[in-house]
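Peer 1: Here you go, one structure.
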Amino acid sequence: MALSFCGNDDSTAYSVDNGVLDNGCFVDALNLVPHVFLLFITFPILFIGWGSQSSKVQIHHNTWLHFPGHNLRWILTFTLLFVHVCEIAEGIVSNTQMESNHLHLFMPALMGFIAATTSVVYYHNIETANFPKLLLALFIYWILAFITKMIKLWKFAEASLGVQHLRFCITALLVVLYGLLMAVEINVIRVRKYVFFANPQRVKPPEDLQDLGVRFLQPFVNLLSKATYWWMNPLIIGAHKRPIELKKIGKLPIAMRALTNYLRLKDSYEEQRNTEDPEKSPSIWKSMYRAFGGSILLSSTFRYMADLLGFAGPLCISGIVEHLNNSTEIDKTNKTGNMTFGVYSTELLQNTSVLAVLLFLALVLQRTFLQASYYVTIETGINLRGALLAMIYNKILRLSTSNMSMGEMTLGQINNLVAIETNQLMWFLFLCPNLWAMPVQIIMGVILLYYLLGDSALIGAGVILLLAPVQYLIATKLADTQKSTLDYSTDRLKKTSEILKGIKLLKLYAWENIFCDRVEETRGKELTSLKTFALYTSMSIFLNAAIPIAAVLATFVTHAYIEEVRLSPAKAFASLALFHILVTPLFLLSTVVRFAVKALVSVQKLSEFLQSDEIGDDSWRNGDMSMPLEVGKKYKYQGDTKAINRKGRYRMDNYEQPMRRQLRPTETEDVAVQVNDGFFTWGSNLSTLSDINIRIPTGQLTMIVGQVGCGKSSLLLAMLGEMQTISGKVFWSNKNRYSVAYATQKSWLLNATVEENITFGSPFNKQRYKAVIDACSLQPDIDLLPFGDQTEIGERGINLSGGQRQRICVARALYQNTNIVFLDDPFSALDIHLSDHLMQEGILKFLQDDKRTLVLVTHKLQYLIHADWIIAMKDGSVLREGTLKDIQTHDVELYEHWKTLMNRHDQELEKETELESQTTLERKNLRRAFYSREAKSQIDDEDEEEEVEEDEDDNMSTTTSRRSKIPWKMCCRYLSSGGFLMVFLMVASKLAKHSVMVAIDYWLAAWTSSNPLNPIVADSFVNATNYTKNYDATQIAEHRSYVPVFIILCGAAIALCLITSLTVEFLGVAAATNLHHDLLNKIIHAPIRFFDVTPLGQILNRFSADTNIIDQHIPPTLESLTRSTLLCLSAIGVIASVTPAFLIALVPLAVAFYFIQKYFRVASKDLQDLDDSTQLPLLCHFSETAEGLTTIRAFRHEARFKQRMLELTDTNNTAYLFLSAANRWLEVRTDYLGAVIVLTAAVAAIWTSSQSGQVGLGLTYALTVTNYLNWVVRNLADLEVQMAAVKKVNSFLSTESENYEGSMDVSQVPEDWPQHGEIKIHDLCVRYDSLLKPVLKHVNAHINPGQKVGICGRTGSGKSSLSLAFFNMVDVFEGKIVIDGIDICKLPLQTLRSRLSIILQDPVLFSGSIRLNLDPECTCTDDRLWEALEIAQLKNMVKALPGGLDAVVTEGGENFSVGQRQLFCLARAFVRKSSILIMDEATASIDMATENILQKVVMTAFADRTVVTIAHRVHTILTADLVIVMKRGSIMEYGKPEILMEQEDSLFASFVKADM
């Protein structure tokens, strides 16, 4: 009976003579009963349950209701399982020492393990089904198990077993655990009363789970799912089929929302205020600690547990290697009768198989704790960021206006606070547990090393510690270099965007190469800085790799020379593993310290911001004071304004939208707002407005007039409470101050649709909306927009012109249903027709019909006749107040002054009507912007093509495969642009480095395993001292003969580390250089059509975001990826060579790994995109709010904007949380895979019992795999995202260039061509693209030398296309243009374009000097430039500028008026003395006076040259020698203007009439 239950060593095994319970075997059998009972009861229930649930696979999550003591139960069960494992191990080990098999030693323990597992599965199912009655089964099981184990423990105690026996300890532990579980079960009964009580308690699931929108379930799932992120599976695997969208990730749980955390942080912030002196500013650190300290403590606890468990690895390795060869036979004498005492704990730990299992468990636990710690810090960091953002936003809404305008808080600073400082603090929180965990880890590591190796360990540790400051230094240097790189790249971007904006001009003047070189020059500086960056990065990577090698070298060499004892393989590999553990904290410590320093700075900035001035608490701002107005009496002010408790101000204002006004009975009050003795300031204590006494009559039109800068706008703001009051009072009648519709002078738009900008949060009323749009004459502009009034406008939307923006702002004020409307100079950016229309329709009709009180600031005095009440201001005080009649009678002087001004105005009016109005011009520009983009609708991304393909083949498989493919093609493209030499160097040095690293460890294995004399030497070395002395010389010499090779190998490894880190980084720099160079040249030389169809933003994106990724992000990712991949591969190779059996286990592991990375990469990419796309609106919302503060406060919409900010923050935080949870999901899985690899390697080694040195080698490598597996996947995913940038750049590299060569050689063209300027056009047909219809059809014309020719026609008749054809900018597919006998299509482009001049419709200036703008080639003398400026009427102005010709021109020429810019363009054409000048509507943006000058100049200065004018306004070409009238791409009329005028029905005559 080989497998008998009690064993058959002697006959007494089955006898119960001494009493039933005294037979140990019977007690063990009794222990089986509860386990079997549980399995019998639960299995049927579970199977029935599962059968019914399979129909609804996804349990509806509002039933996840945790019973009391949920987490405790899971922890106890896990502990129970662990103790059962120990019991099984002890049983099996004891069993090996018996003569026959004793099943009773381990069988009950095994059953206990199965029962414990079943109990937790059973519990989970009951919990999800919320059916607590079934818990009774578990309750009974715990009681039975408790009783049977108690009996066993009592018998052990009788047999006088004590704590020194392992078996006694295990049994005692089990008793305690069962007792605790029993207590947990009783607690559930006590709380839920599901049995033994008459009325069971009804429980509702938490609020979050009732809301199906909440998809982030981490806080609600059970402990196991929390630890392994099991609940993420559906999301991550589902991403493979269809992309993750915002809908899929849902809302945040309440506890993580920004509002919740804001209140937590704010309370702890405010608590500090009330205590000591109120002046002292509360500390943000303290508030952060009070609000989030608990989570950080929890995270740190996890972190310490993980770090301590981390040291189990090296110790287990050392144990396994040590006991592998000397698993000595233990004599089988310790059997006392039938009650076996079992093994001692030390004996158990000498069993290699037990150690292997322990190692596996320790690894799994360590990794679980580590990921839990990461998750908790990240969640806390995200919560903190949400709270800080809400805090900053609340502060922004209360910032005093003077603060913004006096420049104490700029928009840039606020944007930095939001974008940079909050993120710095979030990152600091992510890393801060490291600050106190790492030192402990380092100290523990050094102690263990000392215990293993003695004094020489300290030398190795010393090497590590000495090099740590160097790393810190390099880290700080890196940050500095990054800053300077950033400066250069912004400069380069500015230049690039200038080139792209003025590309048409550059091409027409053949200057593109000159400007291209300017960009290349800046790029050169940027690259120098990038090279420094690359150098420092590679040094940091090099140190990280070289420090452990150096430490190992120092340690083992000194050990060989100092210590008397030979180094055993066990100790060697344990210390090797320890060194690997030590490196990570040291490398990270420098980063963490740097972040801590940055966090200190950020907190400093934040607290300064939170301390800055706020606007005064006026009574109406809190809506708690209504002020009765007794008409006719002096106003008595009741109550004290300042009696508002300090905290009221900070409450997250939850007041509703301002009340809508009801139609009101005829009003008795005649005053809406009154100011008495007001002195107001913008903060510098000098009053801006002094001695203000005004009243604004209700329901009437009040106008405020005065010169520029006399305080008209300030008066409005003072009434709105935005200015600081020195003395005096502002009274509002009680009905009025809910909300004021206010339109500022500088228009302010939201990033939203046109409709949302106008309704501004009010309900949409179609009739009213239509009326408002008509009053502001916005309909024609809306019709031009691609999606009508649903088009996005604002910063990120479409750029509107000033007039259009202003009209939208006025429309917003009109649409709001408020009693009072303030309009601040609404006519400033409008031309005369629109102003009149707005005055009549909008202000007089729309507002007056509604009997609303209106205050209008204006410069247009001709509207004064409409005013019911006039306030005239001068130098910050009121000059006069009253009706126009009053002023006419009382202040004749002022009235006369106004009259003369009005007359002057009327003259201007007449002038303006002659011109084409500004608005039509704006509309034209808008149309142009969209016309060019029609080809490619407004999508700013290249993924369109892919998405289109995906829509076409809708079957799942193809999309899936496309989404999980790694972009190898792009990787090759990237590497090839780095140059093949560098790629070869990189590959070769990487392989060499890893081979040498493996060689070092092999050599170490051989060195430590070498036994010079006899096999027992290793053991007896320590005790037999005489033995050592005898063989000292030979043995030590033999031992030391290994040292030189070891030193050489380590030296080689360190050198190779340096080489590899340098090659990777410089490969990156080379690739970046080449890609940017190619991109720039391709784009600059692309045909003009390319710029018409590609949005500017998209091209700039390639130069900004994508170039940045290629410059700085791809190289480190590539380095990390290759390093971790090679490490994993070399580790697997080493393990396989040591124990070939491992390869069999590798197959399933590889399959698992493949699927994990495949699913993760797709999901990670989606979540990353979501995170990026949700971040932008948030930042924009902040900068928008800061810009439109006065408007938001006047409208009283603070609450709505706060709500929006909280929504945006939560959306972004949800995406970020999911992204980090997905990272944890991946890491937990790869870490468990790594643990399985270690287990299989250990088991394979133990079973095949190979040489101990090599086993140590294999296990040490297996341990490193766990660290690097997840990096392989993470880096793969990152690289995939980053390769998209290469792909986008690459897509532009395939654009066609213009044909610059031409068929003629430059030498064949005469030097002074074209001498005469004779132009012959033969049968010319032109189109913009081979796919488009021709824009010019069979045009014929002949222009004699020196003729002045005018070309006119309606918009789109082909006038401009003709001018472009002269420069060969468009596709001439039939016919030809011959200038002075040469067909221009045959000329090289550079030659052709450099010999003609053109003045464009839109004046383009570049930043730099005036000289650069006139003559970038630097070929002309100063005299010639001055001459050109004189002709263009600019000489005196330029002379007055500092620096004359070298005076600065800002970006886009903003420091000159539009007219002046146009004149500069004219001067530019004069500088180039060509005999043909083409003027393309050059006078469209100039006032009449300047235009007359221009006409004269052209006639005189160009008397002998050919001038072709493309006319906007026909009267400019009445004096021409020849007129060409075009229509739809063909010439309709051709002849002298006088002759054409005489023909009544000619088109030309009709144009002239229309223009008069």
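Each Cβ is built from the backbone N, Cα and C atoms, and glycine gets one as well.
According to TrEMBL, the protein carries these features:
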- 940-955: compositional bias 'Acidic residues' (COMPBIAS)
- 306-598: domain 'ABC transmembrane type-1' (DOMAIN)
- 673-900: domain 'ABC transporter' (DOMAIN)
- 1004-1280: domain 'ABC transmembrane type-1' (DOMAIN)
- 1319-1553: domain 'ABC transporter' (DOMAIN)
- 935-960: region 'Disordered' (REGION)
- 32-51: transmembrane segment (TRANSMEM)
- 105-123: transmembrane segment (TRANSMEM)
- 135-153: transmembrane segment (TRANSMEM)
- 165-184: transmembrane segment (TRANSMEM)
- 348-365: transmembrane segment (TRANSMEM)
- 457-475: transmembrane segment (TRANSMEM)
- 533-557: transmembrane segment (TRANSMEM)
- 577-597: transmembrane segment (TRANSMEM)
- 971-988: transmembrane segment (TRANSMEM)
- 1045-1072: transmembrane segment (TRANSMEM)
- 1126-1156: transmembrane segment (TRANSMEM)
- 1232-1249: transmembrane segment (TRANSMEM)
Peer 1: What parts of the chain pack near the transmembrane segment (32-51), using Cβ distances under 8 Å and only residues at least 6 beyond its ends?
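Peer 2: 107-108, 111-112, 114-115, 118-119, 121-122, 125, 129, 134, 137-138, 140-141, 144-145, 148.
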Peer 1: Between the transmembrane segment (533-557) and the transmembrane segment (135-153), are there three or more C-beta pairs closer than 8 Å, counting only pairs 6 or more apart along the chain?
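Peer 2: Judged by the Cβ rule, the two regions do not touch, with the required three close pairs absent.
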Peer 1: For the transmembrane segment (457-475), give me same-chain residues lying six or more residues beyond its boundaries with a C-beta closer than 8 angstroms to one of its C-beta atoms, as numbers and ranges.
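Peer 2: Sequence-remote neighbours of the transmembrane segment (457-475) are 445-446, 449-450, 536, 539-540, 543-544, 547-548, 550-552, 554-555, 558, 575, 579, 582-583, 586-587, 589-591, 593-594.
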Peer 1: Using Cβ atoms and a strict cutoff of less than 8 Å, what residues sit near the transmembrane segment (577-597) while being 6 or more residues removed from its termini?
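Peer 2: Sequence-distant neighbours of the transmembrane segment (577-597): 310-311, 313-314, 317, 424, 427-428, 431-432, 434-435, 437-438, 441-442, 445-446, 448-449, 452, 460-461, 464-465, 468, 471-472, 474-476, 479, 543-544, 547-548, 551-552, 555, 1260, 1263-1264, 1267.
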Peer 1: Could you tell me what the rest of the chain brings near the transmembrane segment (165-184), counting residues at least six beyond its ends with Cβ under 8 Å?
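Peer 2: For the transmembrane segment (165-184), the nonlocal Cβ contacts are 69, 72-73, 76-77, 79-80, 83-84, 86-87, 90, 94, 112, 139, 142-143, 145-146, 149-150, 152-153, 156-157, 341-345, 348.
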Peer 1: What stretch, picked from 306-598, 1004-1280, 1319-1553, has the most CB pairs under 8 A with the domain 'ABC transporter' (673-900)?
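Peer 2: Going through each listed stretch, the top one turns out to be 1004-1280.
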Peer 1: Can the transmembrane segment (348-365) be said to touch the transmembrane segment (105-123) if we require at least 3 CB pairs below 8 Å and skip pairs under 6 apart in sequence?
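Peer 2: Between the transmembrane segment (105-123) and the transmembrane segment (348-365), which are separate recorded stretches, there is no contact, as judged by 3 or more close Cβ pairs.
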Peer 1: Which value does the mean pLDDT take for the domain 'ABC transporter' (1319-1553) in this predicted structure?
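Peer 2: Mean pLDDT for the domain 'ABC transporter' (1319-1553): 82.
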